[in-house]
């Protein structure tokens, strides 16, 4: 937050100045007036017969008398504003005061003493030329508000322009001509063109009186010359240089007809400007609706009044005694404007890379500030919350991996279940022996080369092969194998060699591998269907269990996400509370500094008054002593 910079300038008196008066005091008329304004450094006080009037003492950032030039005012009040505008801050400078108090001269100046606008234009281009690492694009526009209607001073016939607002541009005047300029001379030529189209008039107080408010606007864009390598951003700032028309009293200006109508619109817009300043100067809790939209002037200057801009106000005043009431009103306006705070920020268009880099730098800066402040406990809390967030993220990743594994397992089970169903359907389609009417149909399905075995022949493997400890080979085995030995080995079985048939194309049937049981070749179809149904039921149960575990893991994941979100909210709230506490402390510090400055001023005035009083008492004592001595001498001479 930053206070508006306010300065007061007294123009030279139009009437003669009293030769006996102090050089820092002003009075009206050819003779010595009863009331006069006294300047003491940055304080202005109203004196009545050399005695300060209660409630008429004001303190500002700068107070200028009639001897100060426009260049001096620009150096002290506006130069820093122009440099900030080149760096990307919005800026506004305007002159306020009664008619014929020197506003237009302060803003435009003359050939011998250039005003703030031409000085600012040259300073902008000089500053931009010194910035060798940046490129600038400058656009200018010039408008006036005449009888609450906006006219373009750079284009004839472009009148009654509307005001619009958007998120990208903010408040802007639609249809206003903008000229791209490359040097200061080009801008000054556009200024001369605009001044020729501006409304002026003659009144009793001023031969060339401004009958409209003018706003000269400069849009400054800049970017790094090597933006692709540096990752810099584009800066965009708006500079408003405003010359307000002066407030008028009909009794003094003698306005009538068109001049009277113009004066009414001027006074109305300035009154609304004063209302806006009054609302902004109030406490935040007591502040009500701010009437920006009641006037086109305040609507256009909305960002400069309590918004995103650096603002400087130059209040011009007339020193004559006849204008004391108008000057007092101007000083009251300036005093209220000094209490208004703006929140100026650099206007930047950020890319993703630049935004990430900027956030990292801000985090490091905040961490350094916190280390140097009394926020150790808060920092520990933030670190704890950050660790909790990290743990929750790890847990969330672990649960996500488990969930993915469960989903993969579920897909595998579903695939196996589908295969088993297909196998079951295939088995149901097998051809049974009962479907054939006689044995002749069954014989047609057999291999033609196979030889029918007699019904009385049964071949079976010896049971001794199953016993590992028993062997049919005799213990006493000789060197000659006779016919009895073969009978003993075969247990009396005689092999019919005519029954055996050797086939070259015979292949062993593939073995059916199953994970659960070994299916015999003679297994019936209904038994096999029952076994497959049991396996399918088991797979379905496993699938349901997997779905249940997946649902549980998803719920845990949602809970962790909610916990993570709550931790982030607490972290943001802690940062917000810290920033708010810092802002409150800064405001209190600024208030105490302001009170200290006022106390110093009061002490200084009291010291001066005390010194004057002491000098008067000393003089009175000296005079009294001299009178007493004279009396004593006269008594001695005339006893």
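The backbone N, Cα and C atoms fix where each Cβ goes, glycine too.
Given the ranges 302-355, 356-409, 410-463, the record in TrEMBL names 356-409 as coiled coil. Note: residue 99 (ATP binding site) has non-local neighbours 203, 205, 206, 209, 245, 246, 247, 248, 253, i.e. same-chain residues 6+ apart with C-beta under 8 A of its own C-beta.
Neighbour density at the Cβ, taken as the number of other Cβ atoms within 10 Å, is lowest among the binding-site residues 97, 102 for 102. For the binding-site residues 98, 101, counting C-beta atoms within 10 A of each C-beta gives the highest total at 101. Within 10 Å of the Cβ of residue 100 (ATP binding site) there are 25 other Cβ atoms, across all protein chains. Across all of the domain 'Kinesin motor' (3-340), the predicted model scores a mean pLDDT of 87. The Cβ of residue 103 (ATP binding site) has 95, 96, 97, 210, 243, 244, 246, 314, 316 as same-chain neighbours under 8 Å, each 6 or more residues away in sequence. Other residues of the same chain near the ATP site, with their Cβ within 8 Å of the Cβ centroid of 97, 98, 99, 100, 101, 102, 103, 104, are 11, 95, 206, 246, 316, 318. Contacts of residue 104 (ATP binding site) defined by a Cβ separation under 8 A and a same-chain sequence distance of 6+ are given as 95, 210, 243, in order along the sequence.
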